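The domain 'Rhodopsin' annotation in TrEMBL covers 21-273. What TrEMBL lists as region 'Disordered' is 294-320. Under the heading transmembrane segment, TrEMBL lists 6-25, 40-63, 100-121, 133-158, 178-201, 213-238, 250-271.
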């Protein structure tokens with residue numbers, strides 16, 4: 001029991017700290033006025049997570065893992081009404097019921113936060129908007145179904161903590177099969193669907209393999225959550241008496257991983273930027289150097305920030321600029337949208353004819369300057385110019 005208490009509250013401390021770091025990172029980049037619904041929902045998730053951990057602790061510390069399950073008919077008859085064991089089994093059953101509800105609420109809150117994040121990430125991409133909307137609907141329906149199975153699976157309701165006669169499996173919250181099957185199946189299905197939203201675009205993105213693996217792991221952490229949920233179900237089904245206590249341990253681990261995964265996309269860019277600043281002792285000098293380099297390069301004919309560059313050697317090359325999968329730059333914290341060229345909101349377009357023409361060819365070089373607004377990973381907006389030479 002002591003080992004479980006240490007583990008549970010250590011994971012809680014790490015999880016709540018992670019949510020705190022996420023909130024601080026968002027405040028640093030967009031301010032409180034720039035907070036989105038998922039930022040507030042994540043704070044609510046921290047409160048629910050604390051209550052869920054407390055419920056798991058109470059089951060073991062106060063009620064010693066006892067509930068209205070794991071007894072023969074003879075044992076039920078021998079329990080004295082109002083005795084310590086009687087009260088512990090009733091209290092344990094009620095706490096198990098509360099624990100199931102908190103567990104479900106926390107997982108679905110975290111799923112909703114991810115879905116809202118994906119909505120911002122895919123803003124402007126028509127074929128992705130529909131998938132996100134389906135995600136919202138699926139989460140609403142599955143949460144309602146799961147919660148109703150917990151609260152209405154046993155009727156009348158007070159049979160959830162009945163000692164004798166045996167109320168049956170459906171009225172034993174610690175091992176109720178309807179709670180197990182409905183929660184596990186819907187939990188796995190919704191996780192699989194949410195993972196399917198960003199994965200295809202990540203897989204097709206032309207980015208370095210190490211970064212692709214990192215991003216796939218970041219958004220694919222739901223695999224562990226699904227595995228933990230399935231393992232929890234197996235433990236209870238195989239050992240109705242002792243399995244419930246082990247299942248409680250795995251529930252705490254499962255929700256902890258869900259909290260971490262739900263916040264990594266927000267805090268990773270913050271840590272990356274902070275680490276770069278700490279490691280670079282000449283951070284401000286490097287900015288000045290880059291400005292001087294840019295000024296000199298412009299004189300040599302380089303178009304920075306765009307996709308076409310002409311160096312001092314007279315050769316033209318293609319590089320940088322807009323990408324079909326800005327999600328691939330999430331590690332740099334530079335984007336918060338998956339957009340294509342046609343989806344970008346274009347601002348004013350200015351054209352200017354270069355000072356000279358290509359000799360002997362009669363072709364005028366025209367530079368088109370496009371100013372568009374790009375929303376970053378952390379929600380901060382910024383203007384960027386892209387120079388596209390048209391020959």
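Just so it is clear, glycine is given a Cβ too, placed from its N, Cα and C backbone atoms.
Bear in mind that TrEMBL entries carry predicted annotations, made automatically and left uncurated.
Counted over residue pairs separated by six or more positions, the transmembrane segment (100-121) shares at least 3 Cβ pairs under 8 angstroms with the transmembrane segment (178-201), which defines the two as touching. Sequence-remote contacts of a segment are chain residues at least 6 beyond its ends whose Cβ falls under 8 Å from one of its Cβ atoms, and for the transmembrane segment (133-158) they are 97, 100-101, 104-105, 108, 111-112, 115, 118, 167, 170-171, 173, 176, 178-179, 182-183, 186-187, 189-190, 193-194, 197. Among residues of the same chain six or more beyond the transmembrane segment (40-63), those with a C-beta under 8 A of the stretch's C-beta atoms are 1, 4-5, 8-9, 11-12, 15-16, 19-20, 22-23, 88-89, 91-92, 95-96, 98-99, 102-103, 105-106, 109-110, 112-113, 116, 245, 248-249, 251-252, 255, 259, 262-263. Long-range contacts of the transmembrane segment (178-201) within the same chain: residues 100, 103-104, 107-108, 111, 114-115, 118, 121-122, 128, 131-132, 134-135, 138-139, 142, 145-146, 149-150, 153, 170, 216, 219-220, 222-223, 225-226, 229-230, 232-233, 236-237, 325, 327, 338, each at least 6 residues beyond the stretch ends and with a Cβ under 8 Å from a Cβ of the stretch. With a cut-off of 8 Å between Cβ atoms, the residues of this chain six or more beyond the transmembrane segment (250-271) that come close are 7-8, 11-12, 14-15, 18-19, 21-22, 25-26, 28-29, 42, 45, 49, 52-53, 56, 99, 103, 106-107, 110, 113-114, 117, 218-219, 221-222, 224-225, 228-229, 231-232, 235, 330-334, 377-378. Packing against the transmembrane segment (6-25) from elsewhere in the chain are residues 39, 42-43, 45-46, 49-50, 53, 56-57, 249, 252-253, 255-256, 259-260, 263, 266-267, 269-270, 378: each is 6 or more residues past its ends and has a CB under 8 Å from a CB in it.
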